[in-house]
């Protein structure tokens, strides 16, 4: 039987509601069973080890008072600590924090290990406080969450009747099926502090604090839940069929709390509160890995692919595509695809995506008129404003990735590329021991180089004499070379023989063309040596961007074995398969970002045309056969 939800909280990770008199009138219900008085904000403060505190803030409260309340309630040390709200470090003023927002409290320069326990509330405090909040509170007030609100009410009724959730055994992180009063699974809940490598991961994948690099280095531990919600909010008109998803504070005794001491006797199950993503559970017959793809509707594959392109999904494998039969036989066109697990989308840097559908025949079929119209109507800047409003904790670098990918999708679709071609342009070519930038990353690198040329040619009075335009590329420095990368002035992507343009392989139809290419490469290399150096700071000092034969070294720490099979007793850094970051967007100022976008859009058309010519050449060779040479 489930513990009564109004019982005293006895927990290592509980929401302890700090009591204070409630003055003034109450606002409308904006959560499940919770009211917030006028002039106040309710926020949720989470420590880097997963402890959660629900707080009612007055107008007079500041970052220091929030820390003090957390210290009193959870016995959490606040010396040398930082309170963050997405990218924003809250020094004192809390005006930027909206109601129902999650905040993260981290300790600066605090050495942690996988055995670091979650600091417990004082037992005296536990006896004095009761969790007077609702078992489920939705973080945010979007109208898109109306279905989730009703679902939360159904779950609350079921829990009060003693219908317990069930833990999901598969996967790397903690996940739980919550049920309605009839005992039917209606939602899957994924606590943020039970993600892979998070402090309370129930499957041994621990060793990181919340906010540190996670399974993907560009997606931080504890932030996949935000991305699940972002994917749902970005799926306008339910175009790709993403199930309703919201970020919630949820309380139950089933959740996992790792005991750092590993006591000899099992810990007593206690009510614990977590910040988690809550997504509608979709009954299905199988996933895409358990069935052939030939009967998948073209439109469903296209719609999911369009979403994956926009959000740069780095984890679209067949296991997170649910398949529902719409008739008894499941004949062609009679199945429905439901995409789930979007926690590794919207990375903070341009990552190498994984698109399972890229080689499916449906992806090579041209977009329909309805799909082209949907793509044309996408508004990346409007989408960013929506996410800033609904999920203000999403980091600005992730929003910039959304903008770049959506702009590319719109340009590519308008110029006749199919889904497979678009996906190929975004995907890196990986060879044993090497990782090379994708075609889109090459466009970004060239846009950066053109900005560098502009800075070298024009006076710097606009930006200030002491500002150096700098982009960091997080690649390992593998040689003793320390010379700055020199790029030719006037370099344009339209010239297929330009240094950066040649990062992508061209179609070679004969020996004569190959010989001409080699001669032109030698001439370009000679011209390169004569050009002045541009102040484009890069750590990739050993690499000439203009030559794909120069291999991009893998990020240090990359391993052959998969992190999915690694020993949980090794450090999280050892378990994470590294990925090189060729393009970093977070360091750009707003002015630099605006200029970069202009250059990026200018370079997209010639890059797309080049891809079309490559595809045409491949089709011609397929028709003629590989033995034919002219």
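Each residue, glycine too, has its Cβ placed from N, Cα and C.
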Matching residue for the ATP site, where Swiss-Prot names 169, 170, 171, 172, 173, 174, 175, 190, 279, 280, 281, 282 - out of 235, 308, 327, 341: 341
Swiss-Prot annotation (region 'Catalytic loop') - matching range among 285-293, 294-302, 312-320, 330-338: 312-320
Among 115, 501, 571, 578, residue with annotation phosphoserine (source: Swiss-Prot): 571
Range among 168-174, 182-188, 196-202 that Swiss-Prot annotates as region 'G-loop': 168-174
Candidate with sparsest Cβ neighbourhood (10 Å radius) among 169, 279, the listed binding-site residues: 169
Per DSSP, three-state class assigned to residue 169 (ATP binding site): coil
Other CB atoms within 10 A, centred on residue 173 (ATP binding site): 21
CB contacts for residue 281 (ATP binding site) [other CB atoms within 10 A, all chains]: 19
Fewest-neighbour residue among binding-site residues, criterion Cβ within 10 Å, set 171, 175, 341: 171
Chain residues outside the region 'G-loop' (168-174) and at least six past its termini with a C-beta under 8 angstroms from it: 188, 190-191, 194-196, 198, 200-203, 205, 215, 255-256, 564
